Amino acid sequence: MQLFPVILPTLCVFLHLLISGSGSTPPLTHSNQQVAATRWLPATATWYGSAEGDGSSGGACGYGSLVDVKPFKARVGAVSPILFKGGEGCGACYKVRCLDKTICSKRAVTIIATDQSPSGPSAKAKHTHFDLSGAAFGHMAIPGHNGVIRNRGLLNILYRRTACKYRGKNIAFHVNAGSTDYWLSLLIEYEDGEGDIGSMHIRQAGSKEWISMKHIWGANWCIVEGPLKGPFSVKLTTLSNNKTLSATDVIPSNWVPKATYTSRLNFSPVL
């Protein structure tokens with residue numbers, strides 16, 4: 001699901017007013033959760049799109065065309081609400097494998113959470129379900145059985161969290177369309193390790209103060225202040241284990257909307 005640029009500032013302003021009016025910043029629902037156990041856990045999986053396709057175009061996390069190119073390409077997956085976490089679970093990586101020994105390989109497939117799916121066939125909110133690209137779903141099969149496994153449609157699987165590893169990539173910040181000196185919205189890309197974000201802060205030029213940004217949807221965060229003065233430093237804190245990273249002056253003073261600015265650092269590619 002893509003939100004039109006004109007809607008994003010409205011969401012950010014609404015959240016800013018809501019939180020300001022409450023007198024305090026409400027705690028993030030999932031921020032204190034630890035990374036799920038690395039043991040294998042049960043779930044179900046389906047697939048969508050073309051048989052050898054990359055799955056969704058865009059998705060509820062807001063990665064847009066990134067999902068159509070490597071390293072995302074064919075590795076994307078929509079996850080049920082229990083893993084999506086209102087968008088805070090965007091970017092998390094999982095290994096998945098199916099159980100039927102007659103068609104399933106022992107090899108696990110790594111996928112990145114880029115979209116939200118329904119809860120699966122049980123329709124229970126706490127049910128864990130993955131809706132994979134056709135290519136990723138087929139890769140769970142033993143050689144020559146990709147078509148057979150896709151014809152099953154629905155599979156019982158095992159899954160576990162795994163560290164995200166974007167080889168040769170550092171964390172990047174995409175400035176969303178519609179951003180101004182009074183409303184700035186950022187999308188986080190290529191986060192190694194846990195992959196998710198629990199909080200995000202920004203620091204203006206010449207300031208020592210870190211200002212909290214608001215989570216608006218998917219992997220998008222925003223700030224309503226003004227006028228904002230770059231260059232901007234950005235501090236990220238992971239959702240699962242509260243690891244922190246600060247990218248100094250990563251967004252230049254002459255920043256423009258729709259541009260992506262890449263840092264020189266990343267989290268360690270471990271959980």
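Easy rule for this one: first residue shown is 1, then count along the chain.
Heads up, the Cβ atoms here are built off N, Cα and C, so glycines get one too.
Under the heading signal peptide, Swiss-Prot lists 1-24.
If you look up Swiss-Prot, you'll see 58-169 marked as domain 'Expansin-like EG45'. Averaged across the domain 'Expansin-like EG45' (58-169), pLDDT in this predicted model comes to 90.
Around Cys61 (disulfide bond), taking its Cβ as the centre, 29 other Cβ atoms fall within 10 Å, counting all chains. Following the DSSP three-state reduction, the secondary structure of Cys61 (disulfide bond) is coil. The feature disulfide bond is assigned by Swiss-Prot to Cys61-Cys90 (among others).
In this structure, Cys93 (disulfide bond) is part of a beta strand by DSSP. Cβ environment of Cys93 (disulfide bond): Thr110, Ile111, Ile112, Ala113, Arg161, Thr162, Ala163, Cys164, Lys165, Gly195 lie under 8 Å away, each six or more residues apart in the same chain. Positions annotated as disulfide bond by Swiss-Prot: Cys93-Cys164 (among others).
For Cys98-Cys104 (among others), the entry in Swiss-Prot reads disulfide bond, with the evidence type sequence analysis. The DSSP secondary structure for Cys104 (disulfide bond) is strand.
Annotation source Swiss-Prot lists domain 'Expansin-like CBD' at 182-263, citing sequence analysis.
As annotated by Swiss-Prot, N-linked glycosylation site applies to Asn242. Of all Cβ atoms in the shown protein chains, 13 besides its own fall within 10 Å of the Cβ of Asn242 (N-linked glycosylation site).
A gap of 16 Å separates the Cα atoms of Asn242 (N-linked glycosylation site) and Cys90 (disulfide bond). Each residue contributes its Cα atom, and for Cys98 (disulfide bond) and Cys90 (disulfide bond) those atoms are 23 Å apart. Distance between Cα atoms for Cys61 (disulfide bond) and Cys104 (disulfide bond): 29 Å, as a whole number. Across the fold, the C-alpha of Cys90 (disulfide bond) and the C-alpha of Cys104 (disulfide bond) stand 27 Å from each other.
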